[in-house]
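Colleague: Take a look at this one; I'll ask things after.
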């Protein structure tokens, strides 16, 4: 303390006091935080030390800087920057801020969080009170009391920290969370700055948490679309879909304003939160989240039970229950050998969660009690009384007020209401009591009590005895709560089996439906409602899913489902005006059962839905009959034919439940394709009934499209049926009432409960009709402007994508709509950058973004002026598009860093999200890129050559065998796989087709080499493409191998890894009717033979010889009609003959093969003659037994010494020189070869030809006869003149290589040398 002057106190809280101070002997003003040690536990002191350690290493302009820290005897003192105030002061003084100021604060908050998250630090308590105002208008983030630096082995956390107003949904549900919880809090803060209140605020903690979990955010009209889109991304309830790093940095609301602090490399902290996790770490994170997540459906208890509990809780607030509880604790006993029930008391944060989770199911009851909308937040008391009770700071006595240590299951009266109430409270499905239900399940007395209560009270109920109902209802509620809250599926299923569930429940349901006397009882409705709640909770249990199966649970589940269908069928077969409540509850339970079936295996779900067309068809018939009776509340437009007008006074809950059940049967949930097999059969059945001329079903469903409640469900039913029936599409496309209803839905003229989803389904429905009919239904051409308006003006990404899908279909049918480039680019950018909420599978198994991508391609093609393409290529849309594609493919941020040495095992990559972009969408996106780069080729080069290029990472991934296997197995993947591969190859050809800087080209080649693209191209051709489409990939492979030695090795190693398959492919490709393909392959093989050692060339020998070693492939290639093919074949032979003794033997033993080789010497094409002379020359080198057979070639080669092509003359001269050593001197003399070679050596204009002739003469002079001829011709004198001419060249001119050989030959021809 001797370093500082303490000036004045500026703040106080439960942590201690904050003083303004000044460092002695300087003008530096600081803040001193005094934290008392007295009364602090060791854990609190450790947490304090952790905060200090975290703050000590932080250096960022938007994070408060800790200057110093020290301890006194009684306190810990932390010295930090002095700030001018809190952000909270602005809110209290001004209410809210202009959007430009909010934008500046947003950029600074994002900057601070980016810094923290890049260091793997979570703040976990983001709120206005922890944001300080610095000089100059900046902000600084402070208070790291809850911060947590995570180790590399920790991916998610479960401990709950933070302030309720700014807690994310996963926090209040106590699900595992990560850095995205901080981003949710930022969204809450920015919303509050702009609007004046937090996005979720209520006077009760119950209401608050309910709003956070369930309610959408209310958006005032004053917020700009860009800001709203930014907040929508941050305030997305699903953390997996929440706007996060790195996409957050590119959002237009803050792009370019975020400060990124780069630091020198420190210790390896693991993957920062600001980078996408590599696949292996993502798998680890998912496993941790799954292991730590609460299992099962929490909070699935009847609303009425919660309402009663809430009312009791409100009454108890005004009572002093301490003594009563204390007395109860004294009298309670625990039976020997039984596990005590868990304590109901909780820590302050646990209490808030308990209340919050209860509130998530109490939303409707609070609304009914007249609470209404959340009032504006009073600034003077932001936490509210309920929050204070939930988060007491200095009131430890509160913790034990609801504590009940144990419940004695033996000593209490069996029918005690208190006992069942305790059990109901104990089994409340809240996170802090996850162990309590498990304790009950492991208690044999509890299981026996439940079973006996159900048997005894059930028997009394069936006799109509009121006492039975009073005893069984509490047991029902405990069971419902227990089934909804327990996370241990093994223990829960074991308990159900021991307790006789669900058999007892379904038996009670069956007998109650058959008992007329029971149905007359006044309490019958309540009894059935609670019974159905338990059955519904049972069907929703996770042990009914195949991935969580326990012993024979799946068999029991299927049997229970079949029994329930029998009971439902009998109920639906009764008169429609009977048992309305029972009918409604059964239908709701059936809907839950369908949801459980959808998440199960293909076999189980198919058996279930198929039974609705066979043994359980009475259920489906009853549902369809319910839609055609007069109770259906259809809304018929004026002038339309009257169909089944409703009885207005009747309740609409039955038609709503029926339509919801039908939708559950027909609609395949996104991401669960296995259930479609069974649902498709049901849709076929319904479609056949809908297309019958005499059926009243179609008019009923069409009329219901304008009903507020039924509309969405019936849209889904009709849409699903049209997916399988083209005839139904034709009928609806010709039905005026159906089309009018759909048009009105698009135009917003029908009031429906969920306008966004209803409009989305309608847009896809109309797209499906156009797609299936391939023409426009009457009147749809007028819809273009309305759909275009939805596309450009909607801020809901799913609506923009659905509108784009329909616009693309309309455009293909010639409908024009006015879309300005800047408008559609902005709309596309918004849709691609906003979180995707996929609620329905688009037509044709398309992805969420497919329609948008197809529309963009269409617009670019139609409006494809160079200026437009330049605008698009430089727009934000282009960047967002690449990032979205990368996310769909689930690429890590640094894809290139994961590439290693050649690995043909190709470990599988994460499955792409086909629900977002399907194979068709990928093909459209790549075509869009091709259209852009064709006009702007330099853009392609810059995108591919920049370090860490997203485009390059995408293209490389699209060629990986693991991805191609996934693509082939995806719906319609086989159809679009060639398009994807060929588009990728075209894009990768750009660097080779354009004049590219050499250094940049080297970088591109290195990137492709490190990613094993050469190996992948060969595998693509062998396993995925038809022969007619391999020309381009082989051409690219050849170019890579000719340019880069490592790529050539990858090609050879890939052949060695699968020789039989690849040699078979190469054999077929060589003999194809595609000359360019054959030429490229021969060029690739020739380069391989020239560069690599003989040990790597056996596959080429096998390729040419064939399995029967007849060399039929080689014969066909030597006789090919195309000059280029013959030339490349001779060139390949020339390189092989340098190493292959087997090929030399084949030329000698295989009839006619040598003749084909020599035939090339007389070919009309000079390139072929050149290659043939090269091959014959190498055959003549150390020919051995082959030498005599080559004598027939001497006349032809002698004639070629006068060929106008210098290359041919050079090759022939070398070949003749080789033959002189094989005993063919007589033949050479007969053809006057020595004379011809001497003439070439002295007079050929090409230096390399002269050199070849001199080398040949040096070899031939060893033959006495040839030497004598040379001497007689005066070779020494002629060569001396040649040598003299070389010496007279200027000193600056380099001496030709032939000069050395000339001198050597003169020396050899001297008479003394001949001695």
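Each residue, glycine too, has its Cβ placed from N, Cα and C.
Since the structure is predicted, the reported quantities are computational estimates derived from the model, not experimental observations.
Take a look at what Swiss-Prot says about it:
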{"type": "DOMAIN", "residues": "4-254", "note": "domain 'Protein kinase'"}
{"type": "BINDING", "residues": "10, 11, 12, 13, 14, 15, 16, 17, 18, 33", "note": "ATP binding site"}
{"type": "ACT_SITE", "residues": "125", "note": "active site, proton acceptor"}
{"type": "REGION", "residues": "312-345", "note": "region 'Disordered'"}
{"type": "REGION", "residues": "365-405", "note": "region 'Disordered'"}
{"type": "COMPBIAS", "residues": "379-397", "note": "compositional bias 'Basic and acidic residues'"}
Colleague: On a simple 10 Å Cβ count over all chains shown, which one of the binding-site residues 10, 18 is most densely packed?
Modeller: 18
Colleague: Do you know offhand how many angstrom separate residue 18 (ATP binding site) and the residue listed as 'active site, proton acceptor' by C-alpha?
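Modeller: So the alpha carbons of residue 18 (ATP binding site) and the residue listed as 'active site, proton acceptor' sit roughly 19 Å from each other.
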Colleague: Rank the recorded positions 12, 125 by the number of other Cβ atoms within 10 Å of each Cβ, and give the residue at the low end.
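Modeller: Comparing Cβ neighbour counts within 10 Å for the recorded positions 12, 125 gives 12.
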Colleague: If one looks at the chain holding residue 16 (ATP binding site), which residues at least 6 apart in sequence have a CB under 8 angstroms from its CB?
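Modeller: Listed in sequence order, they are 33, 34, 35, 36, 75.
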Colleague: Can you grab the distance from residue 125 (active site, proton acceptor) over to residue 10 (ATP binding site)? Cα atoms, rounded to a whole Å.
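Modeller: Computed Cα spacing between residue 125 (active site, proton acceptor) and residue 10 (ATP binding site) is 21 Å.
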Colleague: For the domain 'Protein kinase' (4-254), what is the mean per-residue pLDDT, to the nearest integer?
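Modeller: Per the prediction, mean pLDDT sits at 78 for the domain 'Protein kinase' (4-254).
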Colleague: Could you tell me which three-state DSSP class residue 12 (ATP binding site) falls into?
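Modeller: DSSP call for residue 12 (ATP binding site): strand.
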